[in-house]
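Colleague: One structure, as structure tokens, below. Some questions next.
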Amino acid sequence: MPLHDEEEHHQLLADRLLDSNEEESAYDYSDKVHIIGVDEEHDDDDFTKTPPFSWKKLWAFTGPGFLMSIAFLDPGNLEGDLQAGAIAGYSLLWLLFWATAMGLLVQLLAARLGVATSRHLAELCRDEYPKWARLLLWVMTELALIGADIQEVIGSAIAIKILSRGFLPLWSGVVITALDCFVFLFLENYGVRKLEALFAILIAVMAVSFAWMFGETKPNGVELLVGVVVPKLSSKTIKQAVGIVGCVIMPHNVFLHSALVQSRDVDNRKIGRVREALKYYSIESTIALAISFMINLFVTTVFAKSFYGSEIANSIGLENAGQYLQDKYGGGSFPILYIWAIGLLAAGQSSTITGTYAGQFIMGGFLHMRLKKWQRALITRSCAIVPTLIVALAFDTSEKSLDVLNEWLNVLQCVQIPFALIPLLCLVSREEIMGVFKIGSSMKVISWLVAVLVMLINGYLLMDSLSSAVSGMLFTSVVVAFTGAYIAFIVYLISRGVTFPNWFVKNRSSSSIDN
């Protein structure tokens with residue numbers, strides 16, 4: 001890297017840091033985790049030097065990746081896992097692996113954006129796009145967040161209903177889950193590490209619960225290995241395959257991770273310190289998603305072993321899954337029904353808290369709202385809890401209706417994915433924003449291929465769902481009009497991020513002068 005480029009980047013980061021002091025940041029300085037050695041003075045003159053690897057520093061950086069990984073373990077993902085296992089057996093485990101790998105790539109780009117710029121994705125979108133576009137992006141992101149939160153809260157409420165043996169109806173479980181924002185606010189006051197410790201415990205509960213189920217049901221090891229290594233796909237399992245990919249990349253999680261990485265006090269004026277942070281975040285995010293992959297694999301293989309090829313495979317959902325397992329395997333030392341419910345409760349509670357967390361960053365970033373944390377948390381929580389209560393009251397008596405609702409909420413997530421991926425990829429590719437940390441040509445090609453693949457897969461799910469639901473000339477016309485506007489907005493977002501080669505720009509300028 002040429003020295004003058006590094007010096008220019010050093011000045012860019014310094015100027016940006018001074019500008020950011022005038023705005024609300026993701027974390028106050030007093031709330032940040034201060035990394036050991038970050039204040040060392042002996043390398044001040046060499047701002048490009050990357051400190052040597054340290055296990056102690058890796059531990060200090062560990063946390064944001066595990067909070068991010070919760071979105072890979074929410075009740076919507078668990079339902080996708082169990083349905084994939086029951087209907088497709090072990091055949092889609094390879095897709096689960098590669099979908100997790102694609103999710104890791106996207107999340108590492110979000111972390112890169114947050115560390116290199118000291119700002120998160122919502123804040124950068126506010127500056128990058130005109131008012132109408134950023135407000136539309138905000139609405140789309142909020143809709144995605146509300147849809148995800150409904151799934152997560154309903155998942156928690158189902159677990160509470162099971163654990164209370166039906167004494168607490170679905171709506172009361174929603175109210176209980178809504179109170180978790182107060183737990184979140186309480187822990188946040190004691191520091192971000194306390195909050196991260198809570199999520200570590202919840203992930204551990206999920207891992208133990210679903211590993212216990214794995215041990216109780218004893219899935220076939222050879223078929224499991226073949227399923228992970230050998231790609232298989234049939235016309236009967238297309239819907240489950242699309243569901244696996246669609247559940248992995250959550251729009252609000254991309255915004256969340258770009259903010260979470262700013263919880264560490266990194267001196268962004270030093271290129272070496274930024275490189276160091278990116279290295280540690282890459283390691284901890286990879287470990288976190290490896291654990292989430294194993295948990296998802298446990299769930300998929302348990303239901304593959306138990307119900308693949310059975311008459312009830314197509315009717316299994318979150319609410320009846322535990323009872324079906326109980327009927328098949330009995331009580332044992334501890335009823336498998338309650339093991340399932342405990343794991344589901346941990347997944348629902350952890351994902352609803354991260355949803356509240358993401359909502360604060362999204363609202364504060366897009367709207368530049370200077371509200372206290374508890375005010376933003378309550379506003380964000382209310383936006384999700386009110387529709388969730390309505391859903392709980394309307395669908396409490398019908399398991400099938402809940403499953404249909406969940407499918408439509410997955411479609412809602414699919415619709416919103418481009419509005420997180422496209423701004424992210426456009427921003428991390430721009431030198432004036434990222435400096436020397438912009439992604440290179442190879443990474444840009446890979447990232448856009450992954451983004452296009454994910455959007456095409458989710459587009460298939462959207463069209464498949466709409467084709468079975470749309471009827472009547474008026475409704476069809478409305479859907480066609482919205483689809484046209486949707487595609488036009490995506491094209492607009494992409495066009496703003498397109499950078500032309502220097503020779504093209506020079507030729508266009510010469511032509512203009514000649515004319």
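Each Cβ is built from the backbone N, Cα and C atoms, and glycine gets one as well.
Just so you know, TrEMBL annotations never went through curation; they're auto-generated.
Sharing the features that TrEMBL gives for it:
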TRANSMEM  93-115  transmembrane segment
TRANSMEM  135-160  transmembrane segment
TRANSMEM  166-185  transmembrane segment
TRANSMEM  197-215  transmembrane segment
TRANSMEM  241-260  transmembrane segment
TRANSMEM  281-304  transmembrane segment
TRANSMEM  337-358  transmembrane segment
TRANSMEM  378-395  transmembrane segment
TRANSMEM  415-433  transmembrane segment
TRANSMEM  445-463  transmembrane segment
TRANSMEM  469-494  transmembrane segment
Colleague: Counting Cβ pairs under 8 Å that are 6 or more apart in sequence, does the total for the transmembrane segment (166-185) and the transmembrane segment (281-304) reach three or more?
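Modeller: Between the transmembrane segment (281-304) and the transmembrane segment (166-185), which are separate recorded stretches, there is no contact, as judged by 3 or more close Cβ pairs.
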Colleague: Taking contact to mean 3 or more CB pairs closer than 8 A (sequence separation of 6 or more), are the transmembrane segment (337-358) and the transmembrane segment (445-463) in contact?
Modeller: no
Colleague: Using a Cβ distance cut-off of under 8 Å, indicate which of 93-115, 241-260, 281-304, 415-433, 445-463 has the most pairs with the transmembrane segment (135-160).
Modeller: 415-433
Colleague: Any residues 6+ beyond the ends of the transmembrane segment (445-463) with a Cβ under 8 Å from its own?
Modeller: 102, 105-106, 109, 239, 242-243, 245-246, 249, 410-411, 413-415, 417-418, 421-422, 425, 428, 439
Colleague: Counting only pairs at least 6 apart in sequence, do the transmembrane segment (415-433) and the transmembrane segment (93-115) share 3+ Cβ pairs under 8 Å?
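Modeller: Taking Cβ pairs at least 6 residues apart, the transmembrane segment (93-115) and the transmembrane segment (415-433) are in contact, with 3 or more under 8 Å.
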Colleague: Could you tell me what the rest of the chain brings near the transmembrane segment (281-304), counting residues at least six beyond its ends with Cβ under 8 Å?
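Modeller: For the transmembrane segment (281-304), the nonlocal Cβ contacts are 58, 61-66, 68-69, 72-73, 77-78, 81-86, 88-90, 92-93, 96-97, 100, 103-104, 107-108, 111, 115, 203, 206-207, 210-211, 213-214, 217, 219, 223-224, 227-228, 261, 316, 321, 325.
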